[in-house]
Each structure stands twice: as structure tokens, then as C-alpha cells.
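The next block holds one structure in the form of C-alpha cells; read it before the comments.
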Amino acid sequence: MKINRQQYAESYGPTVGDQVRLADTDLWIEVEKDTTYGDEAVNFGGGKVLREGMGENGTYTRTENVLDLLLTNALILDYTGIYKADIGVKDGYIVGIGKGGNPDIMDGVTPNMIVGTATEVIAAEGKIVTAGGIDTHVHFINPDQVDVALANGITTLFGGGTGPAEGSKATTVTPGPWNIEKMLKSTEGLPINVGILGKGHGSSIAPIMEQIDAGAAGLKIHEDWGATPASIDRSLTVADEADVQVAIHSDTLNEAGFLEDTLRAINGRVIHSFHVEGAGGGHAPDIMAMAGHPNVLPSSTNPTRPFTVNTIDEHLDMLMVCHHLKQNIPEDVAFADSRIRPETIAAEDILHDLGIISMMSTDALAMGRAGEMVLRTWQTADKMKKQRGPLAEEKNGSDNFRAKRYVSKYTINPAIAQGIAHEVGSIEEGKFADLVLWEPKFFGVKADRVIKGGIIAYAQIGDPSASIPTPQPVMGRRMYGTVGDLIHDTNITFMSKSSIQQGVPAKLGLKRRIGTVKNCRNIGKKDMKWNDVTTDIDINPETYEVKVDGEVLTCEPVKELPMAQRYFLF
């Protein structure tokens, strides 16, 4: 029997050659391959295939390659490709991507993807599925940030802080063993993966190393604590020994040295450069030149993404609050003004589109918005398509190349940068099942369901007193994956190898899954998926004009964006 493409898409989701629009943007993705097509496409419901003796095998037990969870007919958007597949989950990890079902009566069922009595099903046909987002720049100021992050499809937070202390409001740092231990205990109750950054400042190695041994997953150097060449060198020395990443917010005022001095202190070692454009902080006015170096892993924070008519105006007040500055002190105002440059913010848009800036993050509650990392990534992509047109690599009128470039900025690339790509960051076999389902019309704006470790943790769902799940008010709510002891199974605390070897999780009584940070020091820009371009970036110190290979990079701020007021009442 044959049905037309429209009927097929309505029943099983789009297939090869079909295109799907992302939210209300001008971006379209095309299905590159379909692993579920043919035989009887697996779906669930009354009169459907996934019944005992049909798509479900009722004879196999869970120990016989039967899945715990099957996502059917998902349109996967990942650095690995844009394709249709079933996703099989067992013990909280992805064990198969292909075709699920009953191999006794169905052709082409992927090994390890047997649907049996033990299997739960999520109908993903008509949905886009991405890996959970990874935000590497979070100020741990308010635990309510977690719900906001989950709503935008973010499942991992790396950062520092102890609450609304002045040090935490300004710097992503949890300072010293005592504070690190307390935050490790506190984050036990959060339904999100966590890695804590220690303070990368000390006159000797010992005060830095003791933080790594206490459970820090990396180090942060920040100008508000003194981003001196000596601090940079010592932190990188510790990082090389402990195999953790160092993130840097360099010296805006150029007091301890200029960009060249910072690069000299880094000395070719790998480092993660936060808000590399500079509005969030860093050597004024040329910090963005770091983005072109092969050992620098550059990221943006979301308040400058993308460049709009409001971007400049909102930054000054944000900066004064976050860095404990006073409006009546001229030097404080001058410090703030030096960081806000329309020319470099405009160029930042284009550097993302060229694959020179590799990652996105939020700077949550400290000049950034915890729930807008994914949203602003795709707003930037849409703005660039409208202003620069399709990329040369695109085919068939789709935006697949650009889509893979931009989705990598908040999934696989931050995972690689922070040494956690063996656990999270992509939809691949062996990865922890942190998955986000999106309705295409709400893509990047409001996640339909967020799966943590194979269990639904957050979902758009209706009135809990209703007779069915859909009556209004439909809103994002925490689900069973966040309740009781299950929260320990569905979330990972990432820690340094040395702290795990020294028994810190047991000493602190941690119950969550523990993930080891590793492979941070043998990487570089070349490892940033779809965003590995190195080049010379020249910034004029007087006009702030940005050039790459002699070409001036600039674009106009926009007055309107997609994925904005159409989706939000407030």
C-alpha cells in the first residue's frame, strides 16, 4: 500500500527530502537519511504497530537486549547529521540509533533495539530531537535558574558561585575547598548536570590545586580577582597536571598586561576564552583576536547575541550592577564604557557564522539570561541568513550546514571544551540520554519535553486537575525525573579525576552519578565540530573596526527578531 508524502509525514514524521522550518525563522532543515523507513514504521497507540506480538516482542525479558525507552521516528538535529531514526535507551544511556521493534517479525531492526514488555515509548514523530544543551558559563546565584534552563533545553551547567554574594554575582567562581564542598552538596538536589569551577588565582600552586582535589571540575580566571600573567600561568600549570579546563575573563583595563602579555602567559596551552567579543569583559579593545588562535576555544555569552538596536543600551546598566561599580565614580563609568563596542559586537555575529567563534553560553544572572542560550543561538543563525544569505556549502535550498554549525555551539563543542564529551553533548551510542524534544513551531524557544538520563524531567503539560494532559494552562513543569531519589540517577556531577580518586564523593556523601572530567589538555580549535576555523583577526585600536583576511566584518543591528514576542506574554 502507498500513501502520499503528506499522509506519511502526518503519521510518521518527515522522511528523506522533506524540509522542516525551525520556529518562525527563515531556517529550514532537510532530512538527510531515514533509518526507520520501510516494513511497518513503528508507532504507538490504539490500532498501531507497537502491540504485543506485532512491534512489541512479548517473549524477551529485559536482560535480552530489550530497551527501557524507545523514542520513535525522531528527527535528530545533531553535529553528526540531520536524520530520522528511532532512539533506544537502556540504563539511562543511548544504546541504539536506528530502527526499534520486534526482530522476530520485522526486517531491519537494529541490534540492541528490541521493543519488549519492559519498554516505555515516547512518540517523537513530528518532533525535532537534540542533545541537551551545555551552558559552560553560569553564575550559581539562584537555584531557580535550573528550571529556566531546562525550559530552554539546557541539561548541563558549568560555572561557579555560592549564591548572591558579590564574588558570585561578578565571577563564575566557587572559591576554595570549603565552598566547593558545600556547593557539591547543594547541587545534589538540582535536576541538572553540574560542574563547578574553582578560583584560578594564587601566588603558588597549592591554593589552586587544593580546589581541584576538593572536587572542582575546572578553573576560572577572572579580572575581578586579578587576571595577571602569573595567575594564568599557574592555573594552566595545574590544569595540565590535573587534566581540567581553564576558562578566562581577561584584564579589561590592561593593568597587568595587554593581550600580547596574556597570550605570552598562555604560551600555546589550550584555554577556554569566555565572551571573547569583550562586552562581557576582557582586554579592551582587541580581546576578540584570541578567537583566531589554534589553542583558544572561543565562546560567546548571550546578551550580545545577536546584534540588535537594543544591545548597546542595555549593556551599561547590566555591567555596572554585575561588577559592583558606581555611577558616581567616573573611573567606574569609564571602565564600563570601554567594554561596549558596537563594531566588535557586529563582527561577533559574522565570526559565529564563519565558524570562528565555536561556542555559546549564557553568563546567567551576570549579564546573561539562563533560559535563552538555545534561543539566541538560533536568532543569530537566522539574522546571518537574512543578512549574508545561504552559506556556500548549502544544498537543495536547505540550511543543514548552518544548522549543524549552530547546534554544535551549545552541545558537542562545550562538552569537548570542558572534558565531558564522553558522557554528554551529542546523540550517539554510549552517551547519557539527555535529550530534548521540540515541536518545530516552538523549536529553540520552549522545549516540549526534556529527558534526563532516560526519564522525562521537564515537560509542557496542562492542568494537573484535568481529565487529560492537554487542557490549558499548558506550561513547563517539573516531572517525575526530578522527584525523590530518582534525581540522583538522572543527573551527573562532573568532578576532577584527582578528587574522585581521593574519594571525595564518598566523603561528602554524594548520591548522584559522578562523571570524570578528562581529555581537556590535548585538544584545540581543530576539535571544535563545524566551528574549527583559525585566522588572523585584526581590531583597530582607535575605530574598533574588525578585519579578517583584510575584509572588514560588520553588519547592521536589527529591529525585529524571530523567536521573540510571538512566543511570550511577558
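Just so you know, glycine gets a Cβ as well, placed from its N, Cα and C.
Swiss-Prot has this to say about the protein:
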DOMAIN    132-570  domain 'Urease'
BINDING   His137, His139, Lys220, Asp363  Ni(2+) 1 binding site
BINDING   His139, Ala170, His222, His249, Ala366  substrate binding site
BINDING   Lys220, His249, His275  Ni(2+) 2 binding site
MOD_RES   Lys220  N6-carboxylysine
ACT_SITE  His323  active site, proton donor
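Looking only at the recorded positions His137, His249, His323, the densest Cβ neighbourhood within 10 Å occurs at His137. Summarising the environment of Asp363 (Ni(2+) 1 binding site), the number of other Cβ atoms within 10 Å of its Cβ, over all protein chains shown, is 30. Taking the centre of the Cβ atoms of Lys220, His249, His275 as the Ni(2+) 2 site, the nearby residues of that chain (Cβ within 8 Å, site residues left out) are His137, Thr171, Thr172, Ile221, His222, Ala247, Ile248, Ser250, Phe274, Gly280, Gly281, Gly282, Asp363. A C-beta separation below 8 Å, combined with a sequence spacing of at least six in one chain, links His222 (substrate binding site) to Ala170, Thr171, Thr172, Val173, Gly200, His201, Ile248, His249, Gly281. Summary of the Ni(2+) 1 site environment: with the site residues His137, His139, Lys220, Asp363 set aside, the chain residues having Cβ atoms within 8 Å of the Cβ mean position are Val138, Gly159, Gly160, Thr171, Thr172, Ala247, His249, Phe274, Thr301, Ser361, Thr362, Ala364, Ala366, Gly368.
Non-local contacts of Lys220 (Ni(2+) 1 binding site) by the CB criterion (under 8 A, 6+ apart in sequence, same chain) comprise Gly160, Thr171, Thr172, Val173, Leu197, Gly198, Lys199, Gly200, Val246, Ala247, Ile248, His249. The distance from the Cα of His275 (Ni(2+) 2 binding site) to the Cα of His137 (Ni(2+) 1 binding site) comes to 9 Å. When the alpha carbons of Asp363 (Ni(2+) 1 binding site) and the residue listed as 'active site, proton donor' are compared, the span between them is 13 angstrom. Counting every protein chain shown, the number of other Cβ atoms lying within 10 Å of the Cβ of His275 (Ni(2+) 2 binding site) is 26.
Contacts of His139 (Ni(2+) 1 binding site) defined by a Cβ separation under 8 A and a same-chain sequence distance of 6+ are given as Gly159, Gly160, Gly161, Ser168, Lys169, Thr171, Thr172, Asp363, Ala364, Leu365, Ala366, in order along the sequence. Cβ atoms within 8 Å of the centroid of the Cβ atoms of His139, Ala170, His222, His249, Ala366 (the substrate site) belong to the same-chain residues Ser168, Lys169, Thr171, Thr172, Val173, Lys220, Asp224, Gly281, Cys322, His323, Asp363, site residues excluded. Counted within 10 Å of its Cβ, the other Cβ atoms near Ala366 (substrate binding site) come to 25, all protein chains included.
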